[in-house]
Every structure is written in structure tokens, then in C-alpha cells.
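As written in TrEMBL, here are the features:
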TRANSMEM  A:21-45  transmembrane segment
TRANSMEM  A:65-84  transmembrane segment
TRANSMEM  A:104-134  transmembrane segment
TRANSMEM  A:146-174  transmembrane segment
TRANSMEM  A:183-201  transmembrane segment
TRANSMEM  A:239-256  transmembrane segment
Amino acid sequence: MSLRTALKALPTMLRIGFSEAVAYRAEMIIWVLATTMPLIMLALWSAVARGGPVGRFGQAEFTGYFLAAFCVRQMTSSWVAWLVSYEVKQGTLAMRLLRPISPLLAYATEVLAGIPLRVAIVLPVLGISLWVAGAERAVPTSLGGWGLFALGIVGAWLITFYLNVLLGTLSLFLESSQKLMEVYMVLFFVCSGYMFPVEFFPPGVRTVMEWLPFRYQMGLPVELMTGAHATKEAWELLAAQWTWVLGLGVVSMAVWRRGLARFAAFGG
Amino acid sequence: MNAKRYLRLLGVQLKASGLLALQYRADFLAEGLTSLAWTFTALAPLFVVFNARPSIEGWTFQESLLVVGWFTLLQGVLEGAISPSLTGMVEHIRKGTLDFVLLKPADAQFLVSTQRFLPWRAVNVLSGVGLFVYAFVSLGRWPSLPGVFASLVLLGTSMLILYSMWILVVSAAFFVVKVDNLTYLFTSIFDAARWPSSVFRGSLAWVFTFIIPLALMTTFPALALLGRLPWTWLVGAVVGSVAFAAMARWVWLMSIRHYTSASS
């Protein structure tokens, strides 16, 4: 596969992906409804905040934070791990491999093509957040802030995608990586800032969180969106995030190549 | 006569699942580990929340542990006894093999809901009980006998409600074929049952009490163990859950009638 073929095919693949997303819009709605955890957490933390603020978080801050978490989850979600392990099990990966485009690129475009539809869902939530929490707690207030947030959310998308590829590919080595995916979900829920802001962890645990990738999948973009960091701090965190992006990119591609060498589909 | 036949059928199905489970003994360890991991997920925000406050909406940390305990226990019931067979049902619809089930001389709802059990998920029930013991030890007292009795009744009603909700979800499979997501949706809604229901205010409280009776499933039994559940609520729970089950049964029968087999 040359880069030119891939680039030429990209618009078509995105168009196909988008049409699929529209065709299965009911499924998409169900997925969105299934990610209501931030809203439930919002209810819980609002109950806590009724007795007074927690750290820098009052009612409005919690609203801004968890609605932002909902939006970030929508924009960065990836189901590639399940897709890869399913296709490995069914042997249909063989068909993907016959095409002159890397399957990974195909998975990536499939996820990306869903984003316009997801934006349509995110926008009203963002509107509510702006209305309830106020602009400075819901979105970046400066152009530079928007830039940092854009970097952060792209990084988060890439980390999630690479982790998914890694987990999915492991199913080529272990018979099933289903249990591993469950463990990943647990870690993601607890460590990423999805259920509560990472800063609520005690200091020692927090240092560990800073070293793990999960915080950069959710917590960082949410904090950048709600303007929790000064510019210098934001750049430092973004540097850590993009280090993870590069590292995971290299590792997941290597594991994917080695895994493919092991892949043997019957009749494929 | 008829009941006896169904009991025997249930026995056969249970035995088959049991034998299947014994084949994969390593699963026991995996179940144990994931169950512990999920219990930890349920607890993590609790630790964080109660780090900030001694009590939330009248619930202390130990009392909330009881709610999490019931959540964990019910999760075990759900994933061990209810969802495997209903996931199988979704497969039936997609592959068109439901026709074979419908042709069998027994009630179809009974057949599809007993076709598969995952006995190792009972580990979850154990971690739930472990949480109860820990919570009561640190509270420094034990639940009263009527309290335990009431909570067992409520366990029955919550299982009935969970099962009925699942039947409703699966009935939706007749209309929306890609239903693996629906089961996921259900589990994520059930997640809200982790916290005492008094946390939820306004419209959310109303939804979680009357539309999706989550409060009844975890908060009521926890209150019963603490001896704080009014008797009227218990009666309400029993009546409500039976009505809910009847409604689910009616929807199921409607969906079956709506179902056009794979070949037609």
C-alpha cells in the first residue's frame, strides 16, 4: 500500500463510513444513551456539592466538568478493540487484508466518519452546559484555549484508538482478549477522570495517574475544555499526552504487525 | 403437574449449564478477578465522595456500602442467570433459529430465559455478601431479623424487576435487530443503582423510582437491612414488581405475535 493510494481512497472511505453511520443512526443513539455515566456522576456530585464546594468544584463547576466529560467521551470513543477481536474470531479479517488499504486505516475512518453525527448530539449538551454553568466553566474562553483543547482532544482520540488496536490485536495472541478489555474499561472509568476529576485523588495516587495514559484520554481534554489550567501547565500536560500518543503508536503498530504474522483464517 | 414439568425442565437446563461451566474451571479465577475489579470501580467514587463529606443526603459511608453490596449481588444475578440466556435469544432472532424455540411444546419465554446460566458469576454474590459483613462490622451492629427477612423479600422483587426489564429490552430486539447494544444500554442504566436513590433529585428521581425502578432494587433492601424501611414501602415494592412483571409478560406476548419468522 502506498501513501498515495491511501490518500486517494480516504475521502471515499469517509463518505462510506458516514453513510453507514447515518444508516445505523438508531444504533448510534443507543450507544450515546449508554454513555450516560457522566450525567449520573453529575447527579451524585451535585448532591455532594449541595453541602458546600469540594476543592474548587461547586455545583456549576461540576455541571461544566461532567457535561464536558460527556462531550469528550462522544468525540473520542472507539470500539476498534471489539471490532478487531470479533473479526479475528470470525476470520473476516482475512477479507480486510485482501484490500489494498491497511485495515487499521479502515477502522480509523470508520470511527472518524461517525463524528459529524456525534457532534450533532454534543452541540445541544454543550448548549445546556453554557446556559447552566456559564461560558467560562463550559468552554475555553480564548482562541489559544481552543487551540490547546483541539490538540488535547486529538491526542485523546489517538491514545484511545491505539489502545484499542493494542487490545484488539492481543486477541491474536490470547484466544480472547474480552476479559482484558473489561479490565481496561475498569481502569479507564476509575483513573481517567470520567467518574470524578483526577485532582480528587490523594497526592500520592495522583502522581501515578499522571504517569498512566488514562488521564490523557479523558481528564486532560475535559480540563482544557473547562479552563482548569494555566497555559504553561497545559503545555506540560499536553507534552506528556503526546509522548503517550507517540509511544502507543509505535508499540501498537509493532504488535499489530507481529500479530498479523500469526493470523491464519480458515479458508481465508 | 404443569409446574412439576417446568421445574424438571429448569433442572435439566441448570445441569447442562453447570456441566459446561465445569469444563472451563479457569473461568472461576477470571470471574473472581473481574468481579473484584468491578466492585472496586463501584467503591472508588464512594471513597472519594466520602473523603469530602461524612454523609451525603443522610447516608454514611458504611450505609452506602450496603447499597453497593446489593448492587454487586444483583449484578451477579443479572450476569449469571438473566443476561446469558437473553443474549442467546438475540442470537436466535438474528439467525432465525427462534422458530425452533417457538415450535417446542413449552412456553417460549420460559425456554429462552433458562437456556444458559453462568454459575461462576456467583462470585459476585459472594463479594456482595462480603461487603454486607464488612459494612455491619464497621457499623458495630447487626441487622434485625425482620430486617433481613424484608431484604430477602426485596431481593425476590428486585430479581423479578430485573428479569422483567430484560424481557422488555429483548422484546425490543424484535423491532431493532442489532440489540447487543441494547443490553449494553441496560447495564449502563443499571449502573445508576450503585448509589442511594436520595442522591437523585427532580425528574431523575422520578424516573429512577417509577419508570426504571432502580431505587427499589438496591436502596430499599439496604434500608430494610438498616431497619429503616417503612412496611408500606415493602408492600408497594411487592405490588409494583408483580405489576411490572405482568406488563413485561404482556409486551413479550405482543412481540411474539409481531414476530415474523426468518423465512417469511
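In case you wondered, yes, glycine gets a Cβ from its N, Cα and C as well.
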Quiz item: So which residues does the transmembrane segment (A:21-45) touch in its own chain, when a touch means Cβ under 8 Å and the partner is 6 or more beyond its ends?
Solution: 54, 57, 62-63, 66-67, 69-70, 73-74, 77, 113-114, 116-118, 121, 189, 194-196
Self-check item: Candidates A:65-84, A:104-134, A:183-201, A:239-256; stretch with most C-beta pairs under 8 Å toward the transmembrane segment (A:146-174)
Solution: A:239-256
Quiz item: Does the chain bring the transmembrane segment (A:65-84) near the transmembrane segment (A:183-201), so that three or more CB pairs sit under 8 Å (pairs 6 or more apart in sequence)?
Solution: yes
Quiz item: Under an 8 Å Cβ to Cβ limit, what residues of the same chain, 6 or more beyond the ends of the transmembrane segment (A:239-256), are close to it?
Solution: 104, 151-152, 155-156, 158-159, 162-163, 165-166, 169-170, 210, 213, 216, 220
